[in-house]
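Read through the structure below, which is laid out as structure tokens, and then see the notes.
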Amino acid sequence: MSDLPELHWLHGKPTATGRLKSTPEDFKVSEDLGFTLDGEGEHVMVRVRKTGCNTAFVAEKLAKFAGIHPRDASYAGLKDRNAVTEQWFCLRMPGKEMPDFSQFTLEGCEILTTTRQQRKLRIGTLKGNHFTLVLRDISDVTSVETRLVEIQKQGVPNYFGVQRFGRNGDNLRQAWRWATNEIRVKERSKRSFYLSAARSAMFNHLVSQRLERHIYTQVLCGDAMQLHGKRSWFVAEGAELAQIQTRYEEHDIHITAPLPGKGDLGTQAQALIFETDNLADYEALWSLAQQERVDTTRRAINLLPENMSWHWLDDTTVSLSFFLPAGSFATSVVRELILLGNIDAENISE
């Protein structure tokens, strides 16, 4: 079970092939925190455009330039190295003057703006990311154009991307070994990576099973429904299923699946039976998450890209733009358009 399974597609397996990220400029990401910065406070906020640099490396260099410990530099999320990305970095500098960032030099990095903030910027503290991707050498333009229209209307499965599971799925493989007592994992960061891979794999499996059983867009009795744009959810009761189905089709609410851990899954009746039955093969991973006292959370199974648009640069090249909420993967959109090799997919950022 440690190898990454082939997940089902909402719009059918793509027939077209193509290339992503021929150059870093073919993959652009702009982070959106979703709130206005204070303009004052003990934290210096630095907006950086970077190419060919990973996030942690830039944070370390900014901390060194500012004369602070690396642990006092933070960011909201990791961005891909092999891309052009814009994001905020946060430097804790109480009582210190704003550094002269015009003197900061790092190949591939450009300081766009600086300000101050009262609170530390923590992982996950962002609204989402704006993506602009260029897909080249598309073998079946008609198919891709049709799929773009379908995705704009219906969305895509909200799968965790392959990068969530480590290079060649190694984090998931190690999670299985840990769960079956083949290895002991002491390092905190590895425990976190392996648990994340385990829970993401269970989520992906349940989403794929709903597609295979043709209940992906059908609200089941007992489904946990998430309000659009919110983290709160409620259970779909039998007497209200017709009304809830209508709200789902209007994208007002979303069907969810669990990232299993300790505590109840949150579903009831038919939906609970479906989830528990289909997690049977993942019992060891689920037990591991419970043992490590990770809370069960839920996530929408469908991802509807916002502000989606595209235009053809030439006969076989399309430029595609959209916004995704925090925690969603551009992989999920691209995999419904063209067949991607593992190397391409592993290099797509969250």
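Any Cβ shown, glycine's included, is placed from N, Cα and C.
Taken from Swiss-Prot, the feature active site, nucleophile applies to ASP80, supported by sequence analysis. What Swiss-Prot lists as substrate binding site is PHE27, ASN129, PHE329, and the listing cites sequence analysis. Per Swiss-Prot, domain 'TRUD' is recorded for 155-303, and the stated evidence type is sequence analysis.
All protein chains considered, the CB of ASP80 (active site, nucleophile) has 20 other CB atoms within 10 Å.
Residues of the domain 'TRUD' (155-303) grouped by DSSP class, helix first, strand second and coil last, total 76 helix, 24 strand, 49 coil. Between the C-alpha atoms of ASN129 (substrate binding site) and the residue listed as 'active site, nucleophile', the distance comes to 12 Å. You'll find the Cα of PHE329 (substrate binding site) roughly 12 Å from the Cα of ASP80 (active site, nucleophile). Over the domain 'TRUD' (155-303), the average per-residue pLDDT in this prediction is 95.
Here the CA atom of PHE27 (substrate binding site) lies 9 Å from the CA atom of ASP80 (active site, nucleophile).
PHE27 (substrate binding site) has a Cβ environment of 23 other Cβ atoms inside 10 Å.
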